[in-house]
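Got a structure for you, written out below as structure tokens; questions coming shortly.
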Amino acid sequence: MAMVSRFAFFLLWISVLSSTTHSELVISRIDRRVDLSSHIVRALFSMKVENVGSKVVSEVLLAFPNMQAKNLAAIKTLYNEGRGKVKASSVSLPTAVVEPEGMPPELTFYSVSLPKGLEKGGTVSLDVLAVFAHSLQPFPEEITQADGQLVVYQDSAYYLSPYTVKVQTLGIRLPGGRVESYTKFPNAKLVDSEITYGPFENLPAFSYSPVIVHFENNYPFAVAHELVREIEISHWGNVQITEHYNLVHGGAKTKGGFSRLDYQARSSVRGASSFSHLIFRLPPRAHSIYYRDEIGNISTSHFWGDSRKTQLEIEPRFPIFGGWKTSFTIGYGLPLQDFLFKVDGKRMLNITFGSPMDEVIVDNLIVKVVLPEGSNGISASVPFPTKQGEEIKYSHLDIVGRPVLVLEKSNVVPEHNLYFQVYYHFNNLSLLGEPMMLISGFFLLFVACIVYMHTDMSISKSSASYLAKIQLEEVQATVQQIQNIINQCLAVHDKLDASLRDLSRTGDVQSCKIARKTADAQLKELVKELKPLVTFLHHSPQASHIWPKVEELVAKEKDMQEKMFLRHSTVVDCFEKKLGGREIENRVASQQQKLAALRQEVDDLLEFLDEI
Amino acid sequence: MGAKAENGPKPPPPLSSPPPFKALVKLKTKQQELLIRSAALALIYVLAFAIRLFSVLRYESMIHEFDPYFNYRTTLFLTRNGFYEFWNWFDSESWYPLGRIIGGTLYPGLMVTAALIYRALRFLTFAVHIREVCVLTAPFFASNTTLVAYFFGKEIWDAGAGLVAAALIAICPGYISRSVAGSYDNEGVAIFALLFTFYLFVKAVNTGSLAWSLASAFGYFYMVSAWGGYVFIINLIPLYVLVLLVTGRYSMRLYVAYNCMYVLGMMLAMQIRFVGFQHVQSGEHMAAMGVFFLMQVFYFLYWVKDMLNDTKLFQSFLQITLTCAIGVGTLALGIGMASGYISPWTGRFYSLLDPTYAKDHIPIIASVSEHQPTAWSSFMFDFHILLILFPAGLYFCFKRLSDATIFIVMYGLTSMYFASVMVRLILVAAPAVCLISAIAISATIKNLTTLIRKKSKAALTVSSKATSNLKASAKALLDQSLPFQRNGAIAVLVGAFYLLSRYAIHCTWVTSEAYSSPSIVLAARGAHGGRVIFDDYREAYYWLRQNTPPDAKVMSWWDYGYQITAMGNRTVIVDNNTWNNTHIATVGRAMSSYEHEAYEIMQSLDVDYVLVVFGGLTGYSSDDINKFLWMVRIGGGVFPVIKEPDYLVNGEYRVDKGAAPKMLNCLMYKLSYYRFGEVTTEYGKPTGYDRARGVEIGNKDIKLEYLEEAFTTSNWIIRIYKVKPPKNRW
């Protein structure tokens with residue numbers, strides 16, 4: 001391989017340099033364990049550093065070849081306080097890139113700042129976790145559907161360090177499939193899919209010896225070229241998260257066709273390198289989950305949830321083979337109170353940064369925190385360096401737009417799934433702005449309707465049709481008034497009837513007379529009211545067609561009044577003369593009959609007028 | 001009705017009288033009416049929208065079928081790039097290598113409408129996606145159609161009939177089939193535009209007002225911009241005018257309404273590029289022009305008649321003028337036709353007048369299932385009781401003949417004819433059928449209720465006075481002309497309500513079961529009664545979109561062209577526009593040739609991928625094998641090397657062992673059944689058993705030489721093959 005020759009050149013450099021190291025530190029023991037079971041390479045270095053010089057040392061340098069360093073996604077150093085195996089008291093130490101003088105440019109150095117200076121003769125135990133993305137090269141680079149995916153991993157058998165290393169071992173854990181080849185060393189052995197090198201003793205600084213492992217790894221090589229996470233906060237009680245994935249299978253490219261038959265019949269063999277499921281571990285109490293892409297909803301997803309976690313398993317539309325791409329969007333809502341807190345009068349959003357998807361490498365992650373309209377004083381605290389920016393987003397009913405905090409980071413691995421905080425000021429009163437807008441909008445609409453109904457919009461107030469319309473409306477109103485009055489008259493008649501019935505029951509002539517008097521007065525009043533209306537109707541040209549009916553109605557009613565009073569007086573007379581019940585009935589029978597007929601006619605007329 | 005007729009002339013009674021609610025007593029009757037009427041209308045408006053959301057509930061908010069995908073794609077383009085770019089859009093992604101001038105070959109009404117709604121919502125600070133707007137455009141316009149139906153009904157009969165018409169059309173399956181949420185097609189807005197134009201025109205004829213006539217011209221303009229069906233308007237209105245002239249109903253109102261509408265409408269329609277000068281150049285539009293000139297002659301004659309005051313002189317003048325006018329007209333038409341200035345009728349138009357025409361001459365029109373003649377069952381399915389009420393409504397219309405009712409009768413009869421010629425035109429007939437049925441329902445119910453109410457009032461009075469006199473009640477009973485009139489009326493009323501409720505139930509059922517499927521996503525019942533979804537179309541299109549080169553050309557039968565460009569975002573050879581028959585025939589020829597011949601055709605067309613639809617595994621019957629004979633026919637129509645009998649055995653179309661050898665080895669067969677012979681589809685059946693056609697396939701050992709399988713969806717419904725590059729010569 002081409003790389004090997006470069007390494008050789010590299011070693012030359014190092015041999016030149018090794019004499020010039022002026023370090024006072026010595027690594028007394030280092031155990032390196034490299035985990036290759038997924039497509040993210042995790043290397044854990046447990047080292048014991050000893051100060052053999054005279055000065056107090058406050059930092060330890062870690063060296064990585066540039067080739068590895070460019071894939072280094074995350075590095076974390078833990079410092080064990082307690083001697084022995086008590087890991088609980090480990091403290092994370094700041095680790096940063098440095099460029100010390102006189103060091104070869106092919107190496108990238110990270111400096112670990114020790115919590116307190118290391119005295120002469122003192123030792124310190126450090127655990128360094130380095131996570132590498134894109135460090136497994138598929139070889140061959142193109143495979144068919146039926147082939148397993150072979151990848152190559154390169155490292156050095158010796159720990160590349162600016163310090164002398166006394167004792168060291170290297171263990172490489174493989175996923176457990178076929179191992180095509182690995183660099184043989186006298187003390188290298190392969191046991192149960194784990195290759196161990198070493199121990200090697202007393203190697204000078206910058207010792208390097210390349211190791212190449214070629215093995216089968218069918219782990220889903222899910223790589224998101226770009227992931228945009230949008231975290232939208234609504235102070236009504238919801239945090240809405242929308243994640244747009246642009247996913248690609250980062251392993252060996254597929255050549256030749258894709259046979260569904262082979263895939264369906266023996267998918268574990270004929271399609272081993274593909275993946276068709278992705279697991280998302282969402283925060284607890286996630287709700288309203290959706291999964292879609294540009295052309296619609298994707299119905300193949302499963303979802304489990306309990307009080308501690310929510311798990312979402314999605315299937316892309318098609319199985320993803322090497323080099324195939326897909327893109328999709330998932331979204332979910334989270335309860336606000338789990339993530340938003342008040343700190344010193346400021347609001348603090350505390351939420352995870354990375355993707356909730358299992359073992360995914362995100363080449364370029366953009367996190368957008370959309371704060372409610374009217375937020376200000378925005379600041380963020382992220383546990384690792386990111387590029388920050390701001391923009392404005394317009395959503396429903398926004399006038400000035402919502403401030404959006406944009407955080408960008410490349411090469412993101414699950415180790416970056418840490419909480420970060422966004423602080424901002426927000427006045428609760430702003431919450432009411434949008435509902436008020438809606439309310440006032442509807443209010444104005446109704447007001448406009450009312451105004452429209454009550455104003456006269458016609459342009460020419462003197463045109464014939466307009467006047468006719470006005471008159472017609474007046475006539476209709478008058479007819480309605482007349483109807484009302486007639487109805488009142490009828491009610492009075494009924495009262496009179498009732499008084500007669502009372503009379504026949506109690507024989508109280510006096511009260512009956514009083515009733516008659518009041519009825520008389522009421523009817524007179526009503527007739528007086530009726531008069532102007534009837535005259536108006538009589539003279540209105542628009543009413544010509546209903547006038548006869550109204551006239552008839554009024555006349556009939558008048559007739560009825562007379563008949564009513566006549567009957568009333570007859571009955572009262574009879575009572576005063578103390579005539580028998582049958583006698584009275586006989587006397588009023590004809591009147592009764594006429595009254596009923598009249599009443600019927602009046603009712604018919606009223607109904608007819610109703611229909612106009 | 002009878003009661004009213006006695007009472008001489010008076011303004012048409014405004015709708016069914018409202019029940020005397022105690023709370024409403026204080027309002028004037030007019031206001032009560034208005035309140036109840038507008039409340040009912042508002043409910044109908046909401047109902048029309050809501051019933052069309054079944055598709056969103058059953059499936060999702062997505063665009064349906066084929067053409068809507070093109071409309072969606074163009075709308076997307078319009079909102080992104082603006083109207084100017086849209087108008088000048090040359091689309092190189094379809095009809096490769098010819099391309100298509102989109103701006104000049106489409107009716108932009110729908111897209112512009114959706115884009116305007118989108119802009120308006122955005123302006124009102126509603127951050128909606130354009131897809132949501134597109135999905136809901138059709139239901140929104142269906143709701144508006146109910147309003148128009150109300151006003152139309154009010155114009156031709158009375159407000160009661162208008163309300164009933166609005167309610168009927170809100171849930172009429174014939175209309176719903178084309179206007180469910182997601183059915184983003186021209187018809188969605190066009191039916192609204194059609195009815196609106198008709199309403200405005202009838203209003204113009206009734207009032208003789210220039211304003212209404214102008215409005216109807218603009219309505220016509222909107223219709224022209226939205227749908228090719230505007231030809232129906234431009235032929236029906238002249239026909240109507242002609243009928244009025246013949247029946248002696250010529251009036252100044254008609255003159256104003258028609259002339260203004262025609263002249264202005266024609267001018268406006270010319271602004272649509274796809275229509276252009278057809279109004280003066282194409283045979284289909286000549287009737288309108290002829291009637292326009294006829295109107296002028298009529299007007300002239302009336303004027304002369306006024307001036308002359310001499311019947312005899314006028315008679316002779318009439319003869320001379322008429323002969324001259326007809327002579328000049330025929331001569332002009334003849335010269336126009338002969339010189340080619342006036343184009344003859346198009347095939348589509350012919351096939352409407354003669355249902356057998358397309359079958360013999362234009363296979364590409366006949367191949368579309370929605371262009372088939374309508375079966376009785378689908379009439380029943382789409383109209384239900386309206387089909388029975390329609391003649392009854394016609395009876396009522398004839399009983400009260402007026403300019404407006406003549407219009408609705410003509411609209412009803414002509415559209416009913418067209419509906420029986422072509423399935424999809426049921427849509428055009430739906431509003432007319434609803435309106436005419438509404439007249440029947442409204443008039444009947446009104447008569448019945450008058451009967452019942454009169455008698456009930458009498459009964460009421462009788463009972464209240466029962467104590468006082470028996471003779472009076474006896475007299476009241478004598479008024480009744482028939483012994484069981486009231487009971488009979490109640491029975492008929494109950495029957496009518498039963499029928500109407502059956503109609504409502506039927507409509508809801510049809511909408512939810514039959515018309516809400518997007519046809520992109522197929523749903524079936526699984527073995528355990530669960531719902532199984534076949535989302536293969538989108539699986540394949542999305543695969544194309546993600547995993548083929550951006551400039552890949554995909555060859556498929558034209559049905560899937562729009563979907564591939566919209567969802568797969570890839571260039572296609574032919575699509576649903578079907579403007580170039582030769583190009584489609586070339587694809588048909590490639591599909592029906594042997595593989596090596598097809599390879600040459602595909603090479604000449606730069607094809608990278610071939611997509612076929614195959615239903616043999618799932619039993620999905622509208623797949624390419626079942627459409628294959630049309631490909632042969634269309635291909636053979638242009639390239640005589642393809643002969644239909646080669647693919648048939650004794651006139652029978654088979655895919656099993658007894659199939660014709662050419663059939664078993666043509667490209668379509670090979671691509672559909674490639675490696676299908678190894679699959680067991682059904683228990684107890686041999687391998688390679690085709691479930692869509694229920695036979696064991698005839699050629700199980702298919703080898704592909706020039707193509708390779710690139711992708712097959714999980715249920716095998718879509719199979720995509722990659723065309724291999726040419727072999728090196730050395």
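Glycine is no exception: its Cβ is also placed from the backbone N, Cα and C atoms.
Predicted automatically and left uncurated, TrEMBL annotations should be read as such.
The model shown is predicted, which means the values in this text are computed figures rather than measured ones.
Pulled the feature table from TrEMBL, pasting it below:
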- B:34-54: transmembrane segment (TRANSMEM)
- B:40-436: domain 'Oligosaccharyl transferase STT3 N-terminal' (DOMAIN)
- B:101-121: transmembrane segment (TRANSMEM)
- B:133-153: transmembrane segment (TRANSMEM)
- B:159-177: transmembrane segment (TRANSMEM)
- B:189-214: transmembrane segment (TRANSMEM)
- B:220-243: transmembrane segment (TRANSMEM)
- B:255-274: transmembrane segment (TRANSMEM)
- B:286-304: transmembrane segment (TRANSMEM)
- B:316-342: transmembrane segment (TRANSMEM)
- B:379-397: transmembrane segment (TRANSMEM)
- B:426-445: transmembrane segment (TRANSMEM)
- B:553-610: domain 'STT3/PglB/AglB core' (DOMAIN)
Between the transmembrane segment (B:286-304) and the transmembrane segment (B:34-54), are there at least three Cβ pairs closer than 8 Å, leaving out pairs fewer than 6 positions apart?
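Contact absent: fewer than 3 Cβ pairs fall under 8 Å.
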Would you call the transmembrane segment (B:220-243) and the transmembrane segment (B:316-342) in contact, using three or more Cβ pairs under 8 Å, pairs 6 or more apart in sequence?
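Result for the transmembrane segment (B:220-243) with the transmembrane segment (B:316-342) is no.
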Do any residues of this chain, six or more beyond the ends of the transmembrane segment (B:255-274), have a C-beta under 8 angstroms from a C-beta of it, and if so which?
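Same-chain residues near the transmembrane segment (B:255-274) but 6 or more away: 87, 103-108, 201, 204-205, 208-210, 212-214, 216-218, 220-221, 224-225, 230, 234, 237-238, 241, 280, 288, 291-292, 295, 298-299.
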Honestly, do the transmembrane segment (B:189-214) and the transmembrane segment (B:101-121) touch, with at least three Cβ pairs under 8 Å and pairs 6 or more apart in sequence?
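Counting Cβ pairs under 8 Å, at least 3, so yes.
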Mind pulling out the one from B:101-121, B:133-153, B:159-177, B:316-342, B:379-397 with the most Cβ pairs under 8 angstroms to the transmembrane segment (B:426-445)?
B:159-177
Let me spell it out: take the transmembrane segment (B:101-121), skip the flanking residues so only those 6+ beyond its ends count, and list any with a Cβ under 8 Å from a Cβ in it.
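Distant contacts of the transmembrane segment (B:101-121): 71, 74-75, 77-79, 83, 86-91, 128, 130, 133-134, 137, 140, 184-186, 188-190, 193, 222-228, 272-274, 577, 579.
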In the domain 'STT3/PglB/AglB core' (B:553-610), how many residues does DSSP call helix, how many strand, and how many coil?
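Taking the domain 'STT3/PglB/AglB core' (B:553-610) as a whole: 33 helix, 8 strand, 17 coil.
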Which residues of the same chain, at least 6 past either end of the transmembrane segment (B:159-177), have a Cβ under 8 Å from a Cβ in it?
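Same-chain contacts beyond the ends: 14-16, 37, 40-41, 44-45, 47-48, 51-52, 142-143, 145-147, 149-153, 191, 381-384, 386, 426-427, 429-431, 433-435, 437-439, 441-443, 446, 503-504, 506-508, 510-511, 514-515.
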Restricting to the domain 'STT3/PglB/AglB core' (B:553-610), what is the model's mean pLDDT?
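Per the prediction, mean pLDDT sits at 93 for the domain 'STT3/PglB/AglB core' (B:553-610).
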